[in-house]
Amino acid sequence: MGRQLVVLGATALAALAFAYYTHQHAQQGPGLKKLRDFRVARVLKVTDMEIAVLGHFYSDRQKRAAVLVVQKTPLDPSDLHAVFRSVSLHEVLNNDIYSTYLGDVSRDFKPYKVNLIYPATETHVRKHTDQNFHMVVETQRVYEQITRPYIESIPAEKIEWVYNILEHKTESERIIFEDPDPATGFILLPDFKWSDTTNLESVYTLAIVNDRSIRSLRDLNGSHTPLLKNIRDASLAAMKEKFGVLSSSLRIYVHYQPTYYHFHVHFSHVKMNFGTFTGKAVLLEDIISNLTHNGAHYQTATLSFVVGEMQHKPLYELFLQHKLLGH
């Protein structure tokens, strides 16, 4: 076989290409040996940019769950000539001046990034499952009576992997910058979404704070402005020095609700849209400004955000139970 199926054009056919690629490499792909005995249980989500599947490894006697996310990688403009010379097109649609093709390219071309979560928890499965989303208006009262108790109920082991990074047990070789100060310090490292660090238009880094008492945006107060300014200034300086990334090309923000409840800040290129929509991302400059004018802003403010029926299932069900959704 030794060929990969690639979709040329952003159409729903991308899903078929992803499925084909995953199947082929699960059987004999030399670059993905871990997938040789991967068995698909069900498809969790399909979009034009990625496919997420749930399965397990045949050789795993415990049959622990694994989530496989296959995503398109950006094309390097310097490689386009070589790609076009080697591609063989198979026409799918031809209508007047519009055509769509499937293309076979050599295995030297790597059009996909494969993320593996193994063993995967039910939380991981829910996050990557296609689902409905809802807007929530969270007042101070709603936060104190519903959201905060939920956050406090989450076992510490859920974010053990974060503590492993802070304690240099894992991923030390990936650290871009570190400030060890317990109050204003943090670790900056690439997010796994930034798979090619030579592609500056796909920049995505995370700043993870040392202070374990800060779980989310709601825990911030005026005393944390030195921390936030340090994260902004030191991270921008480090990324410019190491990668040549200009500060004006970066979007800096916090998620609320976050994927995990240990405070962290996202840095991504302004051309990237993933995770930056209203109802999810709150710009760091806005946070600093709000806390400068009112140190208790995030303890009292009404915040609106998006929750997924699967990704945020426990929280979604609490909001549903208290009749905060579906008015």
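Cβ coordinates are placed from backbone N, Cα and C, and glycine is handled just like the others.
The feature signal peptide is assigned by TrEMBL to 1-19.
As annotated by TrEMBL, substrate binding site applies to TRP161, GLU171, ASP191, LYS193, 255-266. According to DSSP, HIS255 (substrate binding site) sits within a strand segment. Spatially close to HIS255 (substrate binding site) yet at least six residues away along the chain are HIS266, GLY275, LYS280, ALA281, VAL282, judged by Cβ distances under 8 angstroms.
Residues or ranges marked as active site, nucleophile in TrEMBL: HIS264. Taking Cβ-Cβ distances under 8 Å and a sequence gap of 6 or more within the same chain, the neighbours of HIS264 (active site, nucleophile) are LEU206, ALA207, ILE208, VAL209, VAL254, PRO258. The secondary structure of HIS264 (active site, nucleophile), as reduced to three states from DSSP, is extended strand.
Local packing around the binding-site residues GLN257, THR259 was summarised as the count of other Cβ atoms within 10 Å of each Cβ; on this measure the leading residue is GLN257. Counting other C-beta atoms within 10 Å of each candidate's C-beta, the binding-site residues TRP161, TYR261, PHE263 are led by PHE263.
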